[in-house]
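As given in TrEMBL:
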- 346-593: domain 'ABC transporter' (DOMAIN)
- 12-29: transmembrane segment (TRANSMEM)
- 88-111: transmembrane segment (TRANSMEM)
- 118-136: transmembrane segment (TRANSMEM)
- 163-182: transmembrane segment (TRANSMEM)
- 212-230: transmembrane segment (TRANSMEM)
- 242-265: transmembrane segment (TRANSMEM)
- 286-308: transmembrane segment (TRANSMEM)
Ligand SMILES: Nc1ncnc2c1ncn2[C@@H]1O[C@H](COP(=O)(O)OP(=O)(O)OP(=O)(O)O)[C@@H](O)[C@H]1O
């Protein structure tokens, strides 16, 4: 175990650097030309697979169009070369841009139609490649292939046998850029989107744009790979980009692990050094790829990287690495101060909604002010969650209006409502898988201090500043809710009460103008309830508008400045807690207490 501890003490990037250096310098380290060629083809395949991992593994969109984008990159480079533009940098830039355009143009209709449409359109795109090339046969050589390419050059010098180093450098650079993306807030947003588009929308993410981005960004490495492939043999033909290749890319992605950067490398390496090397294999290619798909997708569910991560966690546990830190000794009711928030008035007027013949809300109105906690209570099925879902833009209203800070939002898509400053928690905690507690909380800041994609790719100062703020703010709120010691734990592994608290923390870091808390207290122990109350008061004192849906009547009475009571979709009472706890209809319909009986005098004790 001591050896493992020593190995784990070395930062992860050192291993990545050593691996990258070994790949870059392989021929100098004695790799023979035949194996160097295989490694070159593995790098090219890894680039294509990494693009699929971005759209499938991270953004959760099954799209097989990488083969077509690879073809677009290859033919762009080939045609440029024929015209005498042999500079590899020019070819790579052009191939990346053309592949990106193919991704955007084919992604928009596929994603607009929703459901499986992108998978289908991208599938047809692959089938169309040979026909498109045949139509432009005069230029592309049609089914005979494109010949007559000139050897690639770099700044006017012929590259010759050093071309391997160009392929390795492009591959390493792309993987660095891709890693920068997936560990950033955009990467967490992709993973959130894959697991729960509802959650992504509630954080202000436009699902359509983000999915398109994942698919289109995945086109870039495919385009680069195409240009590199075209210059490998100076000849390309349509069959290299067909259905068999698309299946190989999918199999490599699933076998390696599609939600992982390293998965692309592992999957591509196995594919290239395994079956692809054998000439006898061509006949059985699809059968073997199918086998890989079953092993990666069904038996391993998450690919080989899951096995590696599992083994690493097991060794870590045995070596006592990453043991959860000590809980802070901060008192649960210690004061929490949040920066000033510019709260917004929430005005809901005559809102109605029915699901078929079930009328969930009937002309319900609600007014919540900044700097106050407004509670929304009512029996099960009275329409509380429906009201929250409508305020968030998840459901559209049959009638009535919703205004946030004076802006009518009842027709807004949910991500636009979130951008108006409305944050929420969910009745069943909604937390992406495989992210740490710190990452899950910091994800709430997606709409604050925007960091552009380019800044993220290149780790520009604006990205670093945003990332620093994300971590600092998430740590501060985690400390306030007594969860700082859990920051590196996998968020979904926490018990229910803590997952609910995490959702509140995620909403708080967004510095929301309006925050909607949906039954957050259930599953919490006494200390957590005290921390929760302290945090909600801090939010209110900072100036946020807090709308609390809660069944714990004692908590409601202690926190709320005003209470709105729903029953069968209608508001039956509204007012300060002192009035509501004595209201006859609230006593009978919500608490089931006889308003004229002796228990009515001691509601708080009874609801404890
Ligand atoms: N998506 C939906 N489709 C069909 N019916 C729905 C939907 N959402 C809510 N309803 C119905 O609307 C009514 C109000 O449900 P809602 O979940 O808003 O109540 P609630 O007050 O939040 O209840 P609880 O306290 O149990 O969460 C219920 O009859 C419910 O079955």
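Here the Cβ of each residue, glycine as well, is placed from N, Cα and C on the backbone.
Unlike curated entries, TrEMBL annotations are predicted automatically.
If you look at the transmembrane segment (118-136), the same-chain residues 6 or more away from its ends with a CB under 8 A from one of its CBs are 61-65, 67-68, 71, 75, 106-107, 109-111, 142-143, 211, 215, 238-239, 241-243, 246. 212-230 is the stretch from 12-29, 163-182, 212-230, 242-265 with the greatest number of Cβ pairs below 8 Å to the transmembrane segment (88-111).
The transmembrane segment (242-265) shares the most Cβ pairs under 8 Å with 163-182, out of the stretches 12-29, 163-182, 212-230.
On the 0 to 100 pLDDT scale, the domain 'ABC transporter' (346-593) averages 90 in this prediction.
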